[in-house]
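The domain 'Uroporphyrinogen decarboxylase (URO-D)' annotation in TrEMBL covers 24-33, 143-159. The feature substrate binding site is assigned by TrEMBL to Arg29, Gln30, Ala31, Gly32, Arg33, Asp79, Tyr155, Ser210, His340. Taken from TrEMBL, the feature site 'Transition state stabilizer' covers Asp79.
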Amino acid sequence: MPFAPLKNDTFLRACWRQATDHTPVWLMRQAGRYLPEYVATRAKAGSFMGLATNVDYATEVTLQPLDRYPLDAAILFSDILTVPDAMGLGLSFEAGEGPRFARPVRDEAAISALAVPDMDKLRYVFDAVTSIRKALAGRVPLIGFSGSPWTLACYMVEGAGSSDYRLVKTLMYSRPNLMHRLLEVNADAVATYLNAQIAAGAQAVMVFDSWGGVLADGAFQAFSLAYTARVLAQLRREGADGHPVPRIVFTKGGGLWLQDMRALDCEVLGVDWTVNLARARSLVGEGKGGKALQGNIDPNVLFAPPAQIETEVAKVLQSFGKPHKDMQTNGPTHIFNLGHGISQFTPPEHVAALVAAVHGQSRALRA
Ligand code: CP3
């Protein structure tokens, strides 16, 4: 597939723990409702799924944050819940209510009936990946993504977001074998889905384990981490243009399990704001087999005035410390991001201040 050569490879270099002249930055949910141009395109599309399933709209909104800010990566505009939707659960997004499944999976019969969906049902996602790659024309790399098997299971069993995870944990504790069967199907579906994104042009892939952190120690390793590992084991190593594709795993609330996650076959670990980056770096960032770290400023920092945002950016950069500078070897690297998705109430000018602060300060940190 003839895609344009990459002009800014800072993000990919940092994923591979290679030296860069600044710390790359992108933001989880960088395309979203805090941008008035996103709200306008969404109104034209009629609904969130109308936006996500239309290749031209999905391409347009993916590029919107890049036209405003000098971000170092783009992320596919879609949602993690497209996979269970393709499994037949009936996804809808009610205005102001978040996602909902018409047919949640709660008993043995429903779990036995689950299978890896026909990827043709997700063709709109792969078409969007290729379209976005073309529209980017090599400006920055494109990240594809999926939910983790556990995080998808939370939505599939609960049927919507949850504050206590009662239904999914009831299933896990009372029928662990059924839970394992659900997670196996999810892992194989996620791997097939990510491989199709890679074949369509994704240059890195990220697994969002947004709800891994709600599990007990022990349960996390058995019901979340083991299935993320099962996904990683099945991923293609090479992208559409023959370049290797780095893999990012983000576990919200996973800071206490970094040593377990060091064993994952991935290049980057995403961390939330509860994690001390210096400590994370010493646990997983150094040496052979070390991981790049991605994160981790509190998204609520973006509600403070620009001067305070700059101070908070400095704290995060200094907490990681100097990335290594030897262009010939691999060593600790940092990819700046939020610790979770950006809020819809964020003032867009504050994002500009954050991105400028990361670029400016991280260059100075290397001097
Ligand atoms: O990062 C990006 O810019 C890419 C797009 C993206 C979306 N969802 C678009 C979206 C990504 C990477 C996701 C991932 C996602 N979706 C996760 C994992 C990341 C995380 O935040 O933990 C989860 C848990 C979901 C499920 C989901 N989708 C929820 C809970 C909601 C409602 C949340 C809300 O803010 O209302 C969505 C809807 C959604 N997905 C929106 C966007 C921009 C907002 C919906 C809208 O425009 O109406």
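Any Cβ shown, glycine's included, is placed from N, Cα and C.
Annotated features, which come from TrEMBL, shown on the structure.
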| residue | record | DSSP class |
| --- | --- | --- |
| Arg29 | substrate binding site | coil |
| Asp79 | site 'Transition state stabilizer' | coil |
| Tyr155 | substrate binding site | helix |
| His340 | substrate binding site | coil |
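Put simply, Arg29 (substrate binding site) is 10 Å from Asp79 (site 'Transition state stabilizer') when counted between their Cα atoms. Listed as Cβ neighbours of the domain 'Uroporphyrinogen decarboxylase (URO-D)' (24-33) (distance under 8 Å, sequence separation of 6 or more from its ends, same chain) are residues 10-11, 14, 39, 42, 61-62, 64-65, 71-75, 77, 143, 250, 335-338, 340-342, 344, 351, 354-355, 358-359. Checking the binding-site residues Arg29, Ala31, Tyr155 for a CB within less than 6 Å of any atom of ligand 1 leaves Arg29, Ala31, listed in sequence order. Summary: among the binding-site residues (Arg29, Arg33), the fewest other C-beta atoms within 10 A of the C-beta are counted at Arg33. Every protein chain considered, the tally of other Cβ atoms within 10 Å of the Cβ of Ala31 (substrate binding site) stands at 24.
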